[in-house]
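*Asks:* Could you have a look at this structure, given as structure tokens, before my questions?
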Amino acid sequence: MSNATMSAQWEAAPEPEAIAESEHPKGRKPRRRNRGYAEVGARIFSFRNIAVVLLVAYFAVFLAYPIIKAFAGSLHDWNPLVGTYEWVGFDNFRQILTDRLFWDSMWHTAVFCTVATVFRVVLGLGFALLLSSRLVRFKDTLRGLFYMPTITPLVAVSFVWMWMFDPQFGMIDRVTGLDINWLHDPKWALPAIILMTIWKDFGYATVLYLAGIMNLPSDVYEAAAIDGANGVQTFFHITVPLLKSTTLFIVITSLISYLQAYVQMLVMTDGGPGTSTYTISYLIFDQAFQKYNFGVASAMSVVLFLFTGVLTIIMFKVSGDTEGLS
Amino acid sequence: MNRAKTRVTVAGVILTVLLFIAALITIVPFIWMLLSSFAPNSEIVKVTGGLFPAPTTVDNYVAIQERFDFLRLFGNSLFIAIVKTVIIIYTSAVLGFVFAKMRFRGRNLLFGLVMSTMMVPWAVTIIPQYEMMTRFGWLDSYASLIVPGMLSAFGVFLFRQSITGIPDELIEAAKLDGASDFRIFHRIILPMSRNTIAALAIFTFLWNWEDYLWPFLMISDEKKQLLAVGLKQFNGQYGTDYGGLFAATSLAIVPVIIIYVIFQKQFIAGIASGSGK
């Protein structure tokens with residue numbers, strides 16, 4: 001940003017007006033002639049100030065307050081149905097940390113996040129590389145088709161896949177010839193949900209990688225070709241490192257959103273069969289809005305929050321790239 | 001020479017065909033859903049015969065309308081999603097402009113704060129917000145759906161990225177002509193942000209169209225309910241009416257795909273310009 005913009009923003013400096021006047025000799029009046037209250041008012045109620053104040057106020061009410069309230073609530077026995085809100089210290093945390101279901105859910109979440117993120121990155125990069133090949137035609141159409149699942153509503157798509165997995169008339173078993181009752185088998189329910197999630201989300205990574213590949217400097221590749229590097233070497237030593245910030249962006253946004261995933265489980269399995277598809281966010285939904293244990297649910301959400309924060313910081317540290325997101 | 005050229009062409013054709021097969025596999029669930037929505041139940045659950053049921057009837061659509069008034073749910077969702085999309089695009093553009101082109105104390109800190117909210121899980125804020133809405137007496141009113149969701153950190157981020165790319169000279173020139181920030185925003189910044197608007201519009205529309213938990217918690221009046229929640233309720237009540245379920249689901253998916261196909265070009269350009277770069 002140039003210095004001129006800054007100063008013009010800060011002070012309603014007299015110079016711009018003088019210039020404005022001299023540049024418009026045909027009697028077009030400069031905007032602000034009378035200094036005084038109007039001017040001071042215009043400066044206080046400037047576009048910028050109004051926007052910033054509204055932003056801060058809005059965040060205070062709908063974000064800062066709820067976060068504080070969630071932390072406070074995690075230290076209380078809190079049930080809105082019975083009307084209790086009593087201080088219990090760290091009892092809620094002690095309860096969840098010794099709860100088998102909590103750790104099971106954490107494990108399911110870890111599997112779900114890892115597998116879905118890895119496949120999203122690998123498939124995304126793979127299809128992006130193929131699509132960026134000079135040989136391929138109808139690129140726009142192909143890209144549009146791959147991206148389609150990403151822009152469809154998750155609730156509806158979860159229903160479609162629930163029927164895709166149906167052992168009687170579902171497509172999956174009929175096409176593959178397998179005889180698996182996917183969503184009702186504790187062994188297969190989580191893999192089925194992960195499969196559906198990968199299908200829905202890989203297009204997002206494909207589009208981001210395509211953009212990344214388009215911005216790669218071509219001279220590096222020419223140099224590599226002159227040095228006699230083969231395709232595999234070029235890929236691992238040039239393409240992958242140069243796409244690091246795109247990869248970091250995809251991995252972080254994927255992890256954050258997969259840690260919070262609950263719709264697939266809610267629609268397709270209700271956490272079942274048994275508790276085999278309980279993830280941390282589904283467990284919180286269950287505790288909060290089916291059992292109305294607001295205190296316990298808040299404690300879990302605090303754990304999830306800290307977990308997400310730590311994970312994000314580690315990702316940035318490991319990659320050594322603190323500007324990946326900006 | 002000619003031979004090499006032919007080989008490259010053949011490779012290109014093969015690669016293109018393979019990619020089209022992969023793309024077709026990707027959209028098979030949609031095709032299956034759409035065809036099934038026009039088939040009677042007996043045809044859908046038939047074990048023998050082809051993979052895709054033959055589309056022969058519109059009865060499923062008529063039935064869900066009669067039983068569940070799906071058009072009303074559809075209209076409600078459309079209204080909420082459009083209102084919120086317009087509001088979010090406007091607030092994101094304003095804040096994107098402020099963060100990209102204006103200087104004030106604590107700007108970077110505030111922007112960092114806005115960005116860090118993307119990391120806050122819904123599970124943290126939803127219980128206090130639920131309580132807040134109850135206390136405001138906003139349950140069963142659309143205020144509860146619209147007011148807490150008027151800002152989008154993701155939107156602010158996208159707009160800041162794209163507005164940073166607008167040359168300062170342009171804004172300077174407008175200022176010298178006596179244009180106010182308000183005018184500059186509406187006459188220069190907004191028109192130049194078309195790709196970002198398209199990208200954010202589709203995403204925001206989708207996110208609000210598919211949002212399940214919040215309307216489920218806020219709205220209990222059937223007449224005011226939204227499509228995503230209605231879909232799950234329909235499934236709960238008519239779990240074996242597969243034809244009806246396919247029709248209802250198609251109604252929930254097809255409009256979004258149509259919007260996407262129309263804005264595809266600007267949309268993908270907008271996403272690509274805003275992320276990770």
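Cβ from N, Cα, C; glycine included.
Quick paste of what TrEMBL says about this protein:
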REGION    A:1-32  region 'Disordered'
COMPBIAS  A:8-19  compositional bias 'Low complexity'
TRANSMEM  A:50-68  transmembrane segment
DOMAIN    A:106-315  domain 'ABC transmembrane type-1'
TRANSMEM  A:107-132  transmembrane segment
TRANSMEM  A:144-164  transmembrane segment
TRANSMEM  A:188-211  transmembrane segment
TRANSMEM  A:242-263  transmembrane segment
TRANSMEM  A:292-316  transmembrane segment
*Asks:* Under 8 Å, at least 3 Cβ pairs, sequence separation 6 or more: does that hold for the transmembrane segment (A:188-211) versus the transmembrane segment (A:107-132)?
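*Replies:* Taking Cβ pairs at least 6 residues apart, the transmembrane segment (A:107-132) and the transmembrane segment (A:188-211) are in contact, with 3 or more under 8 Å.
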*Asks:* Does the transmembrane segment (A:107-132) make contact with the transmembrane segment (A:242-263) through 3 or more Cβ pairs under 8 Å, each pair 6 or more apart in sequence?
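*Replies:* Answer yes: the transmembrane segment (A:107-132) meets the transmembrane segment (A:242-263) with 3 or more Cβ pairs below 8 Å.
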*Asks:* Mind checking which residues reach the transmembrane segment (A:242-263)? Cβ under 8 Å, same chain, six or more beyond either end.
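*Replies:* Residues 109, 112-113, 116-117, 120-121, 124-125, 154-155, 158, 197, 201, 204-205, 208-209, 211-213, 216-217, 220, 279-282, 284-285, 304, 307-308, 311-312, 315-316, 319, 321, 323-325 contact the transmembrane segment (A:242-263) from elsewhere in the chain.
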